[in-house]
Amino acid sequence: MSAHAEEVKQVAVPPESEFKETDKVAKIWFIFATLWFPFFTSFGLLLAIKFFFPDFLSESAWDTFGRIRPSHVNGVLFGFLSSGLLGIMFWTVPRMCARGLYKAKVAMFTPFLWNFGILAGIIWIMLGGSQGREYAELPWAIDIAVMACLFLNIYNIWGTILTRREPKLYVSLWYYMGTTLWFPIVYFVGNVMWHPATGALNGTLDGIFNWYYGHNVLGLWFTTLGIPAWYYFIPRLLNRPLYSHLLSIISFFSIALIYTGVGGHHLLQSPIPEWLKTVSVVMTVLMMVPVLAFMTNIGLTMRGSWHKLTQSTVLQFIFAGFVMYVLTSIQGTLQGLRSTNAYLHFNQWTISHDHLALLGGFGFLCVGGIFWLLPQIWGKQLWGGKLSMRTTWWVAFLGFLTFFSSMVVSGLIASGDWWMHLNVVETLPALRISFIWRAIGGGIIILGAYIFAITIFMTWWKSRVPFKAEIPELIEGVSAKSHSKWMNTSQEKINVPIITIGGLTGFLLMSFTFLVMSYMYAADAPSMRAQPLTEAQQAGLLVYKANGCEYCHNQFIRPQDWAMGYTSQAGDFYFSVPNFLGTERTGPSLGQIGGKRPTVWDIQHEINPRSRSPRSIMPSFAWMSDTDLNNLAAYLQSLGGEDLDPSGFYAPVPYEFSLISNPHVPLMMQVASYYDPETQTYTGPESLGKQWADIFEQGKTLFAQKCLPCHGDSGNGMGPYARQTLAHPANLHERIALFADAGGDAMHFWRIHEGVPGTAMPPWGWTVSDDDIFKIMTYEMSFVIGPGAVRTVSGDVSDQEGDDFDAQHHPKPLIPGTEQDFNKGKGLYAIYCAQCHGDDGHGDGPASIVTAGTGYIQPEPANFEESGGDFTNYGRWVWKVTEGVETTNMPPWKEDLTDIEIAQVILYEQSFSKPDDYNSKWAPLYTDPFAVNLMKGG
């Protein structure tokens, strides 16, 4: 046994009869927990079904998703879990203090006030009385009842500890002392109880206070009720001391400081202060300190006793809860980093994380604790014995595994879609199977909950077998080595003032940082997009809040959600009370939805969502009055300001790209001033022309290598790969002209550099330098009507290069000229060349400037009829098709076609020649009769 082993042996243990009144208090808490477990988890099954069967239970207000969801959450959290954990606290604290509860009769009143208050609050929520803040939905009057219970707990728990007979403070008591002091403050502040009318502040400040509370419900309520239960149960079930006193000290004091400041990681992508995000990320990483200390302490306590997991179902439940809590904490740290949070937020992954902690970690702990303690209190053997417990274990465990896995899968699918800017309507069908499995897994858990509840109540009603403890009396552990002087001193001297002052100091310090400093630096003015709500819009906000619309729709635009609008600023939410920032996106983001949809469309969508969006899983609000429907639509139109700008059809350029300009545009404008597109004559300085030609040709080569397969050689979006993509490649002739009103060069560069999510347009910035992107942009500008390609290199140069190539290499066709060669060339021509040169090779394709109404490629593409005598030898053919024609849109086809394919295209293009030209110049070059005789009848 370790030198740091802490002994759990009680001193002057009173007889069990002294705990009789105390145990009645724990029993009441346990009965409520047992009742609420199947009842409120059944609400969750209704929600799970609505994800794939949205019209299920949708004919009235109280059974819609947005009202059942907070009822389920609050029922499970404050009904089942809190009752179970408080029951454990009221059972264990007296035994660790070696005396009965301080005021048992007062304590007996607390579970009734708590649970009937929570039930009343849930009924209130289902009637539309939610405060609309996640985890803080309970109405103000219920908050008063909760606070009364928390103060009664302080009175009883602290009274018991301060009058204890056992001189040592076992580690579990530290946590109970801490949580009874910390959580009332967290609850009061987080629920903004000094504003009884709304229970909220305004805008992002309300979001900060909301998630200070929302995360500390987990960190400073459930965690600080759960850890002391694990610290008590596991050594007791193993009949051995806790491994390390030192690790207990590290875990407790670090949790007081660190956990308090973690809540901001729920808002990392929102417009809260950057310094607060940094604090939250740092605290999220440091959260592993208390978690690892706790995990190590329990793990080493288990050392040598792992076989007992197979012998005790109670231990299986409690240890499974411990494992799931540790996994939750590790998962929380990983998803609390900025990069992972940006990817994993707004989907079922976050919901799976919540369930892993609450239903998994603390739920399994509560079930195990009740299975062990309630039969002892009643003095009856569990009805059904080990079989009932094992059945409950396997049903609950397998159900939870299915349930949790399905949400992880659906979360990862949605994360990938959000990252690629796919809309909700495209994503929901991909999630349907996961939603069904979620309901199946949830249904199995609920079956386990009913088996558990039936077992417990049948034990009370039917069991007549006296209780027989499976765990022997705790014996004193003897360390193999002597404790250090510091260890002995700390175990003897650590006392109530040290725990109180140390715990409160860390807690208050971080609370000040998180809340007071945020309050001091809150947005004090509205942004241009924020407008005071009209009377109808304010009424619509209340309808939105009452029906829980915030659980499926977020209201802020993250930096990576640029396709939805401008990144939200803190001032955008100045008039929003409460905050509806949101953490889920089952429906579309509503952050800047105002003006984006017709008002009547919104109203009809509220009445029958599938009539306007067939894939929607939104509940029908057909039961709602016309006034409420109109007010809700008015509120939606106000979100982000009612945007009716007719030019806002492109996503705004992100700030980091917004100041970019193409450095080659001044040169392009300069050479264009010396160029006459009618005569294709450049009269400027030769050095300037060569400089332009070098940039233009590099851009054209890069375009041929990287862009032509999708956008086509004329940039009209008709490249061969365009037939493979769902989202059609952009017609650059049209698109670039529109960029002028949407960011100009910055927009053009950004689209090439970052790609276009949801399309086949890749982020070329990953592999192409910025300078090369500017050259591609410069070449693509020639697709816009104007001078077209500024031809600073005369066509005579290309002709001479072709003649020189012919004279030096005497090229011959690489193909015999079979019918197969001809047909292959015909196909290649049709997909690559016809858009400029036309179906008949006259240079009059739809993209050619000679085609009125649609054309823009200039200089005018070549006429293959050879009316101008362009091709005097085969070398010219090979050279011009292979290398392209300088400072025109004729690309170097060697970047896209093989030499054989180029020869096949040339054969087909030669067939456009007049018969005399073909028969005298080209037919003799081929060996196959097909090509030789192709124009004989012409």
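Each Cβ is built from the backbone N, Cα and C atoms, and glycine gets one as well.
Annotated features, as they stand in TrEMBL:
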TRANSMEM  28-53  transmembrane segment
TRANSMEM  73-94  transmembrane segment
TRANSMEM  106-127  transmembrane segment
TRANSMEM  139-161  transmembrane segment
TRANSMEM  173-193  transmembrane segment
DOMAIN    183-461  domain 'Cytochrome oxidase subunit I profile'
TRANSMEM  213-234  transmembrane segment
TRANSMEM  246-268  transmembrane segment
TRANSMEM  280-302  transmembrane segment
TRANSMEM  314-335  transmembrane segment
TRANSMEM  394-415  transmembrane segment
TRANSMEM  435-461  transmembrane segment
TRANSMEM  494-522  transmembrane segment
DOMAIN    535-640  domain 'Cytochrome c'
DOMAIN    694-784  domain 'Cytochrome c'
REGION    795-818  region 'Disordered'
DOMAIN    820-913  domain 'Cytochrome c'
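Taking every listed stretch (213-234, 314-335, 494-522) in turn, the largest tally of C-beta pairs under 8 A with the transmembrane segment (246-268) is reached by 494-522. Taking pairs at least six residues apart, the transmembrane segment (494-522) and the transmembrane segment (173-193) share three or more Cβ pairs below 8 Å and count as touching.
If you average pLDDT over the domain 'Cytochrome oxidase subunit I profile' (183-461) in this model, you get 94. Packing against the transmembrane segment (73-94) from elsewhere in the chain are residues 19, 22-23, 25-30, 32-33, 36-37, 39-41, 43-44, 100-101, 107, 111, 114-115, 118-119, 121-122, 125, 135, 137-138, 146, 153, 156-157, 160-161, 172-173, 176, 217, 221-222, 225-226, 228-229, 232, 358-359, 362-363, 365-367, 369-370, 373, 377: each is 6 or more residues past its ends and has a CB under 8 Å from a CB in it.
Under 8 Å from some Cβ of the transmembrane segment (394-415) lie the Cβ atoms of residues 320, 343-344, 346-352, 355-356, 359-360, 364, 367, 427, 430-431, 434-435, 437-438, 440-449, 451-452, 585, all in the same chain and six or more residues away from its ends.
Beyond its flanks by at least six residues, the transmembrane segment (28-53) meets 63, 65, 68-69, 71-72, 75-76, 79-81, 83-84, 86-87, 90, 108, 111-112, 115, 359, 363, 366-367, 370, 373-374, 377, 431-432, 435-436, 438-439, 442-443, 445-446, 449-450, 452-453, 456-457, 586, 617, 619 of its own chain at Cβ-Cβ distances under 8 Å.
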